[in-house]
Amino acid sequence: MNFLILFCVVASASVVYSSISDQCLRCICEVESGCRAIGCHWDVYSNSCGYFQIKQGYWTDCGSPGHSMESCADNYNCASGCVRSYMDHYIKYNGCADTCESYARMHNGGPNGCKSSHHHATDNYWRLVQAKGCS
């Protein structure tokens, strides 16, 4: 009986989520900046910076890598690592599919952006990502 309970606990804890694919990450980068280090600009109440147009809250949620949000956002390795950390953190908590569409909608619409109840806010963004060759 104890073995059965332990097996059930271990089995239910072993759900595995993969990380955002390199191709999907590249499509998001292309949409956000043409995949270039473009510095920061004011965008809807706050600065958006770098390759992925990362905002302060996003950078904090991804673990605040690098020396500052601005320097991380303009360094492709740091910025892509931040995006991966953000996605890895939120995909397992929001019940969304492990797909490029979910990741793109989360990047644009926040942690809940991939939920169907929020799709209306991220539909245009998802179409832009698809136009870069991702599905």
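One is the number of the first residue shown, and numbering goes on along the chain from there.
Even glycines carry a Cβ here, placed using N, Cα and C.
Residues K55, Q56, G57, Y58, W59, T60, D61, H107, N108, G109 are given by Swiss-Prot as substrate binders; from Y76, Y86, that same site also lists Y86. Checking the candidates C35, C40, C49 against Swiss-Prot, the cysteine paired with C29 through a disulfide bond is C35.
Bond annotation: of C8, C24, only C24 is listed by Swiss-Prot as forming a disulfide with C100. In Swiss-Prot, C78 is paired through a disulphide bond with C72, chosen from C62, C72. Here C96 is paired by Swiss-Prot through a disulfide bond, and of C82, C114 its partner is C114. The binding-site residues considered are K55, H107; of these, K55 has the fewest other C-beta atoms within 10 angstroms of its C-beta. Residue density at C96 (disulfide bond): 21 other Cβ atoms are found within 10 A of its Cβ, drawing on all protein chains shown.
The number of other CB atoms found within 10 A of the CB of G57 (substrate binding site), across every protein chain shown, is 11.
Ranking the recorded positions C24, D43, K55, D61, C114 by Cα distance from C72 (disulfide bond) puts K55 first. In the three-state DSSP scheme, C96 (disulfide bond) is classed as coil.
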